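Copied from TrEMBL, the annotated features are:
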BINDING   B:148, B:150, B:184, B:208, B:406  Mn(2+) binding site
DOMAIN    B:235-319  domain 'Peptidase M20 dimerisation'
């Protein structure tokens, strides 16, 4: 059967690639995946899956970093124009762009697989050698680009959906294909994890394509040493004044933010493990001769445990508050996203290895590589499943990438999507087979 | 005659006010005053002035802070649509938006009066009580607003032009009415001062309307203790990296800029007089989880003498370079504008007082108020005239303003324009009378 | 009589010089002038002055920056060994080292003249060309040196005392010769001003010798544009930790103090006038591999008005507190000294000029030079006298100095002391003459 | 035999304890261990060891952080007074305070054991509960205290020396007991490692007593994941100026050092592993009203590999240089000490475990605990031995400590010294037994 599955995947290779290119062309950023999610819903429904959409799988109060009403509205309207499936759109209004396809085959284990759908806020390269540009499927949506491979993830999910439906007579139990919005900025997973949709899951898998040069055909299993992370925005509000006439009259938000930047960067390292801090963006001031009365900072903290990330987050907030006090300016801090540190289970890892060994097109299986310093809100799903006694792990599907992740030249090798479909399908079959 | 002049001004009051409102509505920022300047040229020509336009009065290499080609082009096209006088537009292409009207009456003193024409890059208030909004002459050009009264200055200039032409038989010598672009950011005057157009000027006057609450009807004479100033932009270029995976791989421009900001702010005060420093704008970084690879700073230095401003400027450059070196990032510094410190002559001040005492609608004449901490590139014109043995001074025409200068609610009392026209006209007459 | 006074001074020139060298040799820092003050008391008593000593002229609660009990005790014992006049020592115990000599000649004006007596905490030069070293009167008290000329001031005071007693039959009213401790660090004058001893003074004078190269024989009158100033010490207390094992365990006072230093230095300039800030000393940390758990800062603020100094002081305290909060460390701030900004009266200035014009050995009289950026706690005495309707001013006695003030090579020309004695004596005579 | 050895150690327990207390009382800081080292030499010689002393075991050019001539001289003279063994003193003059005792028993393995002898620059507690104080063996040498247990290490070394000499007929090969100066600040080991004395060593062992509460009787084997480290001093030299009169005239070293401190603290974390930075001491400025013209910093960097430490060191130097340039001040950087990161060999670890299991008084043996964040210049000896094909490891002898290491209340449980003597002796016997 495992061989049959692989042949089945090869048959739909072109379909998977086309789906990926379609998603790539109409890239949609986090919480605005109206077109993408509605097309996913259409395909799943047509295949025969039961659908859970929008607030059925997204807990409103756990969404983070949701764009403004205006952006949501404009994206919604754009999706209509760009061919969204209108039938499902209403349920997603306001940015509830999650879809779960359920295949319920009676008693047996429940398996969940997560696919994230959102694009990155990056401008796509117009370099002649950039494959999507050359082949006419570059993003048409200014400021959004699939520069992290989630177009591929969504296409993989649809491939897996087709395969598992094809072999549904050979399996028992339940399949939940979780299409998640807003993984970028680690904003979406928590709201799905807390929606209840994963409460019965016994085995939860997630994965990512890409990562490194010269890795096509390699599979890295047992990932899960993600760094816990918190994403914060800080908004300072002061008072403007003429910098020549009355420099003392201002309340200078830039001095507060610059002092904050240096002191955040200097938060002491921690003896217990890895920590990270980054002020990724600072925008302050309205004009050269005016004391800056506004400042905006995008900050992230990370830690090799949730405790260490908490240490970083608390120091960050203390520093920001002290800087605001120093310059007598107002400060608002907003949490824009977060992810936990969470472990991969031995059993789940072994199952992945077991399945992967059967995939002929894989070149190498690498067990538990050392941490890559990244963060993933899939950790929320792992935690939820663990809490209920389930097992979870995360897989990297190596692919020769053309530019770094989150870079306008990013591209992966589409063949590695095919490998991923095979791995997930065989893995699910192995667990669910009658 | 001085009384006759005042009556003459009263007659054209409405014309002056209408001109001001027209300029206000079609506000144009520095070096893009195509419509404004071309209308000025038309009026001057119609009155009978000889015209000097564009490169005839602007020395190309001394222009500072010129906008991009694209901005110049778009503003040029906009001016056409908004009713610019096409006859003069060609000569102004590329941002050469200066106009000088010359009335040559043979032997006698040469008097120059300067009027600046540019708007500020501020969004105009849509508050119901905002007079221009209420009366339908708010700026229609997004991002440009006459929030510093230069619309009034230009209208004053046209008023003076009309009066002096009317009384031309009573005067001898030469009148040069200098309509200057790009005073905001102190970018334009140097190029006019160095064009040669002022080389024969014996008496040079400039002025400003507004400044303070409850000052309508007051005239402050003998200004000229402007702070010398330099406007600098700094551009840092570094290397991006993933802040979680390889924080050491980046070259962090934000840390360079934040360190620069704090150390610029801390440049030691100077025992010899007043100094100022402001980092008015800082923009850095592309995203939360990326080491910031770009930073942009808008900086200005000031000093109560050109020497003190030089001290500040040199320290600024040294600090910026050291910060760039510290973080191994590239740095480009551009000078965007500058003004000198320059003195008012006793004789010129006395002449202003002498003329002002005859203006009945003035409430009070205040002699040499203490410095106001501002800067003016009119200082370049004063310096040039001084160099050739001429006299120069600067006048403030008090006016009850509704919001601070450079604020979206700024507005002045239009009656004070009328006072200004009277003062300049009488002043010119007193000097040039046969 | 004015000529007679000058001849009288010439007669005691050697005595004045010897007194100065004696004080120089046994230099005593602020509040420890036991030997100096007791010798002053002896001389005044022998001349016939009534004495007010110690707490009679010093208000305990207004003393600032008093050294530790231990330092006071050791200095007291040292004074005994170095020839202090034991008769007066007891009254000065605990650092009450002020002396006022009173010559009460019945009805008439009351004139006060202030002489400060303390040395600076500087090591004296052992350069062969250093005059005190060459002539064997270098300071024998390690760490204390008369590097600001107060040895000269004290000797001038004794010279004036002798002259005025000699001419007592020609004068009426009252003379108060005020010998003040602890002018360095502006710590002593307030306690004398508030003791009541100046409450009846009609004319108060103070002065300083030295200041600038090539100024011997010049007299600068009408000083008084001192900068108001506040002297603060900040003590941070944190928690040490091993910098390798548990860097997060410390509470780092050095980071708090370094952040404080940069932000203090960056307190915005003030549109209303001159301000100053200096962190003159920072000591933090116990060892290389320990998170620094202590930090000590010596800070001073200044302003051209007491309001501006207050602005600086308040910002300073706010910044320090914010830094302490940022690093969760304790902070104690102590005021170590202060001086006001105070003006010289026209009448007092005119009296100085009038007297000075009669002094033949003066080369030039300079009226109201521009501010020198320094501070003087004599301002407290001026303020007190002004409050009671009296007049006050401050005089600089130019002298060719060999090194900057507060430098180990400082020395002045002793002849300028003689000028000062003449000026003060003639000035007093002019006011008090029968 | 292993049991016999343990009984033998128990017999000399009191001798070991007395030796420790004697060393504790006469604590000597790095490179000044004249008394300690000479007594060690006397004991070794009396036991029958061949001696290598001073330059025979210390390579002059590899000594780091050597105190001034004056300190060396005074310590040398103090040692004479405090009972140093004069016979060996001459060879140690100038701070060559290393001693190696050699027991050459013919063919066989060569084993080296290192004992460090120096005290820490800490003031010993006079708390009544402080055991050394209570028992009258507190340090009599002001500013030096055995607050890191090296008094115990030296005593352990003498105990091991006695045992091995007692059993010399049962062993073959060679024993080298290495008594090292200046481990604090990681200054001494490199000079011994490079002297040649370890070139023939097959097995090299080092160890430390103390570390943690509630660890008496525990042995931690297989340490060796020390952090590589570099110890740097930075000296800034600027120009003083009067902070009120001419703040611009100074070249401010404190601003350079404070900027340096914040930016050093902010050196980016490294994706490849652990890094550390600490500015442990900053001293700057001479007085409150003077622009600080001197600054002194004590800095250390660390890294979990020598490469990572190099990264930190290079960034540190770049930042310091940039700060000096920013404030136009001179900078001198001196390397005061360094240690490498080095690994423990499996074989060596196994040998320690094998021996330790026989020691009855040990409570627990812990294999390869995770890194403790500390640094040890024993790493230089490990590296040298590794280079010649030998094996090396490092042992922690747990002991209930009364205060943290490097704290004035530090004290360990003397019984744990006895355990250490047993472990080293049995370990040596196991390797060398005939």
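Sequential numbering from 1, following the chain as shown.
Cβ atoms here come from the backbone N, Cα and C positions, even for glycine.
Automatic, uncurated: that is what TrEMBL annotation is.
Taking DSSP states H, G and I as helix and E and B as strand, the domain 'Peptidase M20 dimerisation' (B:235-319) has 30 helix, 29 strand, 26 coil.
In sequence order, B:119, B:120, B:184, B:210, B:405, B:406, B:410 constitute the residues six or more apart from residue B:148 (Mn(2+) binding site) in its chain with CB-CB distances below 8 Å. In this structure, residue B:184 (Mn(2+) binding site) belongs to neither helix nor strand by DSSP; it is coil. For the binding-site residues B:208, B:406, the ranking by surrounding Cβ atoms (within 10 Å, all protein chains) places B:208 first. DSSP assigns residue B:150 (Mn(2+) binding site) to a helix in the three-state reduction. Those same-chain residues not listed among B:148, B:150, B:184, B:208, B:406 yet with C-beta within 8 angstroms of the centroid of the Mn(2+) site C-beta atoms are B:116, B:118, B:120, B:146, B:147, B:149, B:183, B:405. The candidate set comprises the binding-site residues B:150, B:184. Of these, B:150 has the most other Cβ atoms within 10 Å. According to DSSP, residue B:406 (Mn(2+) binding site) is assigned to coil rather than to any helix or strand. For chain A, the nearby binding-site residues by a Cβ gap under 8 A number none, drawn from B:148, B:150, B:184, B:208.
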